[in-house]
Structure formats: structure tokens, C-alpha cells
Amino acid sequence: MEEMEEELKCPVCGSFYREPIILPCSHNLCQACARNILVQTPESESPQSRRASGSGVSDYDYLDLDKMSLYSEADSGYGSYGGFASAPTTPCQKSPNGVRVFPPAMPPPVTHLSPALAPVPRNSCITCPQCHRSLILDDRGLRGFPKNRVLEGVIDRYQQSKAAALKCQLCEKAPKEATVMCEQCDVFYCDPCRLRCHPPRGPLAKHRLVPPAQGRVSRRLSPRKVSTCTDHELENHSMYCVQCKMPVCYQCLEEGKHSSHEVKALGAMWKLHKSQLSQALNGLSDRAKEAKEFLVQLRNMVQQIQENSVEFEACLVAQCDALIDALNRRKAQLLARVNKEHEHKLKVVRDQISHCTVKLRQTTGLMEYCLEVIKENDPSGFLQISDALIRRVHLTEDQWGKGTLTPRMTTDFDLSLDNSPLLQSIHQLDFVQMKASSPVPATPILQLEECCTHNNSATLSWKQPPLSMVPAEGYILELDDGNGGQFREVYVGKETMCTVDGLHFNSTYNARVKAFNKTGVSQYSKTLVLQTSEVDIKKLLAVAWFAFDPGSAHSDIIFSNDNLTVTCSSYDDRVVLGKTGFSKGVHYWELTVDRYDNHPDPAFGVARMDVMKDVMLGKDDKAWAMYVDNNRSWFMHNNSHTNRTEGGITKGATIGVLLDLNRKTLTFFINDEQQGPIAFENMEGLFFPAVSLNRNVQVTLHTGLPVPDFYSSRASIA
């Protein structure tokens, strides 16, 4: 019932209605408040002058709003009553509940009569403070408006329910327990509020204060007021006029005011209108229920917006941090080049200084020696050595020839950094629409366990991701020409499995698939390598070509030679994978060691796609590897080291990796010799070629190699 309280308060005084009257616009006012907002109209606009002029307008018709400026919509909050030339403009005020009201142009006369009996100014007009419609009163004044006894009853019940708590009604914050109730004021007071708001002096001295419990009982036992006729105050309403839509009394019917109107029994119309109001409330109840559900949805949206904002902000920070990290790494690389150039220039200049210093010392010594020889007075002795000295002087002079006294290195750094494109890109960095109104389907996933080859045919199977919410209308399957050429479409349709016949024997095909709908096509799936059988051998011995994958490698890995050669910028081990994964067949590839400094431990083998990229290969359970130094090797999986074997690698060594998924084994070779026993068995699933190395190692990948002869012959025997 707390939500109903605003409906029970007068829009003028902001308190509960006292003796409420019903205006023709169906809004309510306290009778005293209605008197307070009356204004006087010119004589020419009075009801008498209208009737005298023959106007058929009812006394209760609203004034022409087009001729009146009842209130202003300006931000000042003031309005004017300018409907009549003689009426002065009156500032608009606001009631305690925020509704604008119009105070009287002059103070009402002091009277000892009740508001209903006190006379009203002649030619008075009242403006509804809620809908702002105006009405000129007739001779009956406020008595011409019916009293809303139902509203009084609702207020009584509401106040009784509020008083049941026996709490003070005037406490500003937490209400204290009421100690008394004033029967005349009909208010519960605590002691501090009673002393402050209801002192026992003056007019309030005659009020009767009773205990709260007694006051609640007397309130409940107070007789219910009976609605009487506005024209005949001594008569109760007994009938209902359907045309006038108002209850009437017996005397109204006797006087003939409703003689030509349809009149029905008050009880029957009471039940009928109750039924109609109940039906109307059902529709309103549905709207209220929908509004509550909508509010729940909006509150959930607020929470979701907050969560998405935090997630989006974190994503943005991560993306910007990644750019900053990349810039810092590039900055370190460029600084290293500057330092290298700096050291080179210093070395050249210092070498030239050292060389010039030695030559100058030799030249100075020769000059001093020649000067001492010139001082000798023995002609024969001088002539014995003079020719040799002259030749030495000329030779030394020639050594100081052109270019000797010219710097071999400039002080300028012939390095210039063009950062304008990057700055422009940073300035253009902005958000893009992340979600299309009608998105394309997700990238299909090849089901490797169902993909296979038989003789010169291949069967491929795929599916949509499990959490994909966008349906696909069809799929496009593409194969290359079996020789590394361009892809071509071999199937377009709704099926998720396709068998392609008529392929070349002993050929390797790359296959991929994408989905499409009305919006567009998805990204391609991962490429699958398929090997058809040789003409006379039904056993699948695959020969695959592939390179290292920059997209999945650690950021410290450095690629060259069309992604076939890799090294690292870090002293720590970093992992790089091959682009192609294998789940069936026999596969062999080799890696040559191009650089091997300071005896590091590179690792070679296979791994899952989600292997750790910042540790040595084999440290986790996603990799199977052999790591080797210059003297020996070990096999490692899940950080478990086994099968130490003598024999290491140097610059120029070749490491072979043989993955036999028919036998489910992994074997390693160094310089065409098997290194140790079979490294790992029970190999099942999808495996990618993998290497881990640091900056002291550089390797080059060789693919498309046949299986070693001795292994092929052993497999044939088996």
C-alpha cells in the first residue's frame, strides 16, 4: 500500500485529502484547497452573462484553452492566468508534491464558516492543478462539486493500516514509538514531536490527546460518512443517471431534472461499474506485470553493460599493452643496432689512432736521428750512411701519403628512423564495428579422426564449432592440385562429409573447408595434408611439404628463408611449430644446424597446438622431444628425461624426425643414423612438428622427404 500513498494526497497541499471534492475533469481537491486557488473572472465572462446572451454552454464547460495562457512551459517555472483582460497575471507556485497551482489574486476573506458554507467570490474560476483545465463556478460555488466519500474511506483505511504500527507520524528519520494520538488532528505523536508540533496552549489546548491504542480503536469505530446529494444535502443518493453519469436522489427525480434520462438503480450500477473497473484493472495489471519484467530486463542490461564495459576495457588495455610491448621490443632491437654501429665506429677510429700513433713515433724517432747525423763533422762517415738515410726519409714520407691522414670513419650515424607511417597508424587507431547485424557462420572444424585416403580417393569430414550460434547454409570444400598449386572447389553443399575420387596416386593434397550463409563466408579451416597411395602399395606412406608457422610461434622466434629457417632473439628456449598437423600415415622431415655456438641444448620433436611456447620442448605433457648438445642426447616428455645416448651435434649436423602414426611411434636420427631406441610409443592424436632453440642456434627445415630406406624395408617386412 506504500505505492498508493501519492494517490491519496492533495496536489495543492501535499497532505492526505480532507473532504475531497471531484472536479468535472475527474481530479480531486481538498475543499479548503479548492477555495484557496479560486480566482475572480470579469463580469462579462460570468455564467449569468453567458445565459443572458443565449449561450448554450453548460456551467461546467471548460474555457477555450486557445484563448488562455494557463501556464508557461518555460524553464523559469512561472505561469500566468491571462484568460481575462482584467485579471492580473499571477505567479505560479508548486505544491509539496511538485504540481503547479495558481494562488488567488487576493487573500480570501476571513470567515468562521466551514469551507463548504463560506461564500466564494463572485464570478470565480478554478483551475485544476493537474490537467490545468479551468472552470467558472455557478451560484452554488464549491457546493456544486460532489464529495468523494470513497476516497475518504480509502484514506481512513490507509491511515488505520499506517497507525497499526503505533509509530510517530512526524519524525523525520526513523519514526519513534508513538505515545499519544490527537483525536482532532488525527495524528500520532512521540513526546519530542508532540512538544514541538502540538504544544498544550492556544487553540491546541482544547484538543483531546489519548493513548495510541485507544486512538486506533476510536478511529476504527468512527461512523462512515454517507454520500449525500450536492443539490439536496438532506437526501442520500438512491438512483444513477446513465446520461449524466452521476448518482442522483429521489428529490432530483421529483423535480424533473432527469425526466428524459435513463435512470437505473444505484445498487445495480454499483455492481456493474465494479465489474467494469475490475476488468479494466486486469488489463492494467498485465501492463504493470510487463513493466516489472521490463524493469528487470533493464536492470540486467545495466549489470551486463557494466560487465561488458570492464571486459572491453581490459581487452583494450591488453591490446594497447601488446602494441607497447611490440614497440619496446622493436626499440630494443633498434638500440642494439645503434650500439653495434657505435662500437664499430669507435673500433675503426681507435685502430686508426693506434696505427697513426705508432707511425708518428717512428717518424719522430727517424727525424731526431737524422738531425743528430747532420751534426756530425766527419764527411766520410756521413756519406757512408747518408744515402740510406735519404731513402728511409723518402720512404717514410711516402707512407704518409694521400689518405693516411684522412679519417676512415665519419662521426655521423648513417641510420635514420622513419616513424611517420607508424605515427599515422597510431593516430588512425580507432574502434571498428565488432559485430555485424547478420554475422557470417563460424569457421568449420575438420574431424581428423574421420578423414582418410584409400588408393586414389580421399574422404573428408567436418563440423561446426560446438558453441556456434550462427547457422550455416552450406560448405565449400577445396583441394589443391596435388603438387602445391592453387586450390579449387571440389564440393559445394549442405553435407558435412565428402569423398573425392580420381586423384593422382602417390600425391600429397592439401584440403580446407569454409562455411557460408546469406551474409558471407567464414574463414578457412586448418589445412589438412592427405597422401594418396602409391600404384603398387596400399599402405599410406605420406610425403608432406610444410614450413614453420609464425602465427603460433613465440614472439622471440625469428623467421627467414620463406619460414623454413628459424632462430631466436632470446637466450631462453622458445618453441616454434610446423604449419601442418599429422594424425595418420608415416611422416619424415629433417633439420640442418646452420649455427651452433656455446654448446646449447636445442630440442626436436612433435607437439600439440597448445604446447607451452616459452620453455624447452618436452617440459610439459603436450610435447615429445629429443634434446641434444655437442656430446649426447636425451628423450623428454612431461619433463621426464630418458635414454641418454652418446653422440651430439655440431654446425652442419642433420637431425631427422620420423613420425609413424601407423605404428604409433616416434624415432630420431642424427646424420642419417638412428639416435637411441624408438623414442616414444602409443602416439595417438594430432601432432605438429616442433623445435625449441635459443639465440645460439639456427636451423633450417627440409620437408617432402621420403622415409629412410632401411625403415621402409623394415616396415615392409613387418
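The backbone N, Cα and C atoms fix where each Cβ goes, and this holds for glycine too.
All annotation found in TrEMBL is predicted automatically rather than curated by experts.
Annotated features in TrEMBL:
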type	residues	note
DOMAIN	10-50	domain 'RING-type'
DOMAIN	163-212	domain 'B box-type'
DOMAIN	224-266	domain 'B box-type'
COILED	288-344	coiled coil
DOMAIN	374-432	domain 'COS'
DOMAIN	440-535	domain 'Fibronectin type-III'
DOMAIN	525-710	domain 'B30.2/SPRY'
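Remark: secondary structure over the domain 'COS' (374-432) totals 30 helix, 0 strand, 29 coil, with classes taken from DSSP.
With a cut-off of 8 Å between Cβ atoms, the residues of this chain six or more beyond the domain 'B box-type' (224-266) that come close are 140, 143-147, 149, 152-153. Across the domain 'Fibronectin type-III' (440-535), DSSP helix (H, G, I), strand (E, B) and coil residues number 3 helix, 42 strand, 51 coil.
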